Amino acid sequence: MRPQSSLSWLLALFTALSLSPSTLAENIIESNSLNSCKSGSNFTATLFNVAYTPKNSSIGLNINGVSSIVGNVTAQLEVIAYGFTIVNETLDPCSMGLAGFCPMQTGQINIETNIDVPSDVSKQVPGIAYTVPDLDGVVRVYVTSLDTGEVIACMEADLSNTKSVYQNAVGWATAIIAGLGLVAAGVTSGLGHPNTAAHVAANAVSLFGFFQAQAIIGMTSVTMPPIVQSWTQNFQWSMGIIRVGFLQSIATWYQRATGGTPTTYLSTLSTFSVQVQKRAVKRSLDTMVAFATQNLRYLAKRQSSSAGTATSTADNVKVVRGIDRVGFRAGIEQTNIFMTGLIFFVFILFMVAVLVALTKAILDGCAKAGWMRSERFLEFRNGWKIVIKGVLFRLVALGFVQMSILCLWELVERDSAAEVVLALVVFISMAAALGWASFKVIQLAKKSVAMHKNPAYILYSDPECLNKWGFLYIQYRATAYYFIVPLLAYILVKAIFIAFAQKSPVAQAVGLLIVEAVALIGTSVVRPYMDKKTNIFNISIASVNFLNAIFLLVFSDAFGQPEMVSGVMGVIFAFYNVVFAAVLLLLVLIASIYAIASKNPEVRYQPMRDDRGSFIKSQAALTTELDALGATARQDGQAGYVKDKGYDDDASFTSESLKHQSEISQQPMTQAQPYPPQDYNTPMYPSDQPGRRGPPQSHEQRQMYNQGYNNSGDYGYGGRPNTGHSQQTYDRSMSSLASGGHQAQPPRSAPGGYPPQQSFRQQNNASPWQRGAGYD
C-alpha cells in the first residue's frame, strides 16, 4: 500500500470514527435543556425537549414548567449559529393559537405539540448546521409584556445536530496505537534490535505526550467552542479520566470514610436540566455577564414557594469548568476525579509489573521445552528484574503529566484530608524519583566525558544502566543527555498553570502560550533528539502545541473578537488537529508493525551519529569465554569483575555512595604484574601471514583493536596482553586526569610494534567517538 493511499485511508477512517453513528441518520436540530438568561426570570422549565426536523418542516415541543407571567405577551426568537444570527423573528402566541400562552397565566405549564415551520424560515438554516459535528448554536427567546413593553423573561437553549467528534472509538483507537508502539519497542529490544527499539519508543512516547497536550487543552477553564471541547475529551484517557462504575463507588466510599463530602450531581440528574453551553455569548442584559461562560450548567428543579407561584432559583445553578467539566462529560463526580486518575495510574503500574514477570516465566518455559532457541530474549530473561525497574520508571515518567496536574489540583479542591495527604505523597515521590534518576544520568554522563571524552560510553555500554535509566536519555543524542531536566520543568510549569489557575482562564491561556513558545524555541534550536527524523517529528508536535496555545488565547476572549471568529476558529482547530493526529498515528503504526514483522528492521534506520551502537553490549554475544580468555592471556587472574561500577541506583540519596565513588576515582594508579618478554619474531595472529605486524583484519578483532577494551577493565590501547615488562598497565577505572583534561600517564603502546593509536589520534585528529558525540 502506497503512503498516499495509506494516509488517505487512515484520514477517512479517523474522520468517520470522529462522527456519531447518527451521521447517516435524518437531519435534525434539537435541544434538551433550557436556561434562564435574565436574573429574576418569571419562567422556569423542569423538562425541555425541542426538535426541529427539516424534512417535514416542523418543530416538536415537550415542555413542562412553572410561570409567573400574567397577561398578553410577545416572544422575540433569535437563533444564533457560530456567532451569526440566522433567525430573528417576533412571535405572537395568540395568532399562533398556543393554548396557555394567550394570555399567559401563573402556574404549571405543560406543552406537547408540533409547530409547522414556514418554508422561507427553513431555507434560512444553512446546510452546514446539519453536517458539522458539535453544532455551536443557541436559540434565545425574549418575552415582552404588551402592557408595559418590558422584557419580563429571557430563556435560551443550546442546539445540537446529534453529531459529535467525541466518540469512544476515537479514544480506544488512539490508546491502542500508542500502546502498540510501546509494546513494539519492548519486543524489538528483546529481539536484539536496539536502534529500531529506540526509534519506535521515542516516537510512541512523543505521540503519547501529544495526546496529553490535547487533554490539557480541554482541562483549562477557557471558554471554547463545543467542537474543541468534544475533540479534547477524546484524549482524557491519557490523564486517567476513565469512568468505571465500581471505581466510582470505591472513590466515593474512600472520601466519606476520610471525612469528605462527595458531590451527587450525576446521581440526581433526574431533577436537573443539563445544558452544554457552547461558548460565551454577548447578551444585551448586563445582569447576565455571570452566565456568559463556556460550561456545563446544572439547572436545579425549581420549586414553588407557594401554590400558584414560582421562585427563580439562580442560586441553584451549578457551573462547572475546566477539570470539573472534563470529569462531568466522562460521567465522573467532581470529588472523584483525583481518586479515579490515581487508581488508574497505580493499576497500570501493577499490571505492567505482573505482565513483565509473566512474560519472563513464559519465555523460560518455552526455552526449556525447546519451543524457542535458548538465546532468544536472553538479555531480558537474565535481567528481568532490572527491566521491571526500568519499565516502572518509564511509566512514572509518562504519568508525571497526569499525576502532577491532578495532585496539585487536589491541593486546591481538598476533597478530604486523607486525599490531600495522598496527593502530596504521590507528587513528592514521583518528582523525587524522576529528579534522582535525572541526577544519576547527568552524573554518569559527566563521568563518561571525563574518562572517555564521550558521554555515550558509560550510558550505553552497560546493559544495566541502559535498561534502568535509558528512558531518560535514549531518545536524545548523546550530548543532549541533560534535556530530560528541561522536559520535567516544562511539565511542572504546565501543571501549575492548569491546577492553580482554574478560576483565571486568561492567565491559563497566557501561561500556556509562553510555556509552549519556550518549548518550541528550545526544541528547534537545540534539536536534542537522536536523529533528523525524530527531531522533525518532535518539532512538529511542539509547533502544533504552540498553535493550539494561540487558539486557546483567542478563545479566552482576550482580544474581544466577534463570536463568529471564535466559532470558525473552533472548526479550524478541530480540523488541523484531526489531520495531524492521524498522520502521527499512521507513522507510529507503520513503524510498530515494521519493527515486529520485519526480520531485520535495523536496515530502516541509519546508525546514530553518537556511535551508541558500538557501545551497546549484547550478553548473548559477549559471553564469559572472553573473560576466561583474557585472564589466561594476562596470566594473572587478578582483575575480577567489579560489581559496584558506581552507577547503580541502589546507592542511597545520601552522599556516602558518591563520596565512595570519588575516593575510588582519586586513588593513584597501581603497578601491575610485569608480563613476560614478547618474542617479536612470533606472529601476533597465527592464522594470519607469518611476520605480519599490522592490525587485525577480522571485524571482531578490528573492533577490539580500535576500541582498546579488554575484560579486565583496562582501557586504552595499552590495555592488551603480552606488553613489554618495562611498561605499566593503564586501568581506566583507576586513572587520574591531569590538569587540562589529559591523562597523567599515557597508555602503553600496543604489542608487536603497534603504533600508539591514542597518542596519534590526539596529535592528528579527534577520536571517532568524540566526532560522533559532537565534540568536533
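FYI, residue positions are counted from 1 along the chain as it appears here.
Glycine is treated like the rest: Cβ placed from N, Cα and C.
Annotation source TrEMBL lists signal peptide at 1-25.
Non-local neighbours of the transmembrane segment (337-363) in the same chain are 239-243, 247-248, 250-251, 254-255, 323-324, 326-327, 372, 376-377, 380-381, 384, 387-388, 391-392, 395-396, 399, 402-403, 406-407, 409-410, 413, 415, 419, 422-423, 426; each lies 6+ residues outside the stretch with a CB under 8 Å from one of its CB atoms. Residues or ranges marked as transmembrane segment by TrEMBL: 337-363 (among others).
The transmembrane segment annotation in TrEMBL covers 391-412 (among others).
Sequence annotations record features per position, and here TrEMBL assigns transmembrane segment to 418-439 (among others).
Nonlocal intrachain contacts for the transmembrane segment (480-500), taken as residues 6+ away from its ends with a CB within less than 8 angstroms of a stretch CB, comprise 216, 219-220, 322-323, 400-401, 404-406, 408-409, 411-412, 431, 434-435, 438, 441-442, 445, 455, 459, 472-473, 507-508, 511-512, 515, 518-519, 522, 526, 528-529. What TrEMBL records for 480-500 (among others) is transmembrane segment.
Sequence annotations record features per position, and here TrEMBL assigns transmembrane segment to 506-529 (among others). Note on the transmembrane segment (506-529): residues 202, 216, 220-222, 475-477, 480, 483, 486, 490, 493-494, 497-498, 535, 537-539, 542-543, 545-546, 548-550, 552-553, 555-556, 558 of its chain, located 6 or more positions outside it, place their CB under 8 angstroms from a CB of the stretch.
Residues or ranges marked as transmembrane segment by TrEMBL: 536-555 (among others).
Feature annotation from TrEMBL assigns transmembrane segment to 575-597 (among others). Same-chain residues lying 6+ beyond the ends of the transmembrane segment (575-597) with a Cβ under 8 Å from its Cβ atoms: 6-7, 10-11, 14-15, 18, 165, 173-174, 177-178, 180-181, 183-185, 187-188, 193, 196-197, 199-200, 203-204, 207, 210, 214, 231, 537, 540-541, 544, 547-548, 604.
What TrEMBL records for 655-776 is region 'Disordered'.
Annotation comment: TrEMBL describes 663-673 (among others) as compositional bias 'Polar residues'.
What TrEMBL records for 723-738 (among others) is compositional bias 'Polar residues'.
Look at TrEMBL and you will find 756-768 (among others) tagged as compositional bias 'Polar residues'.
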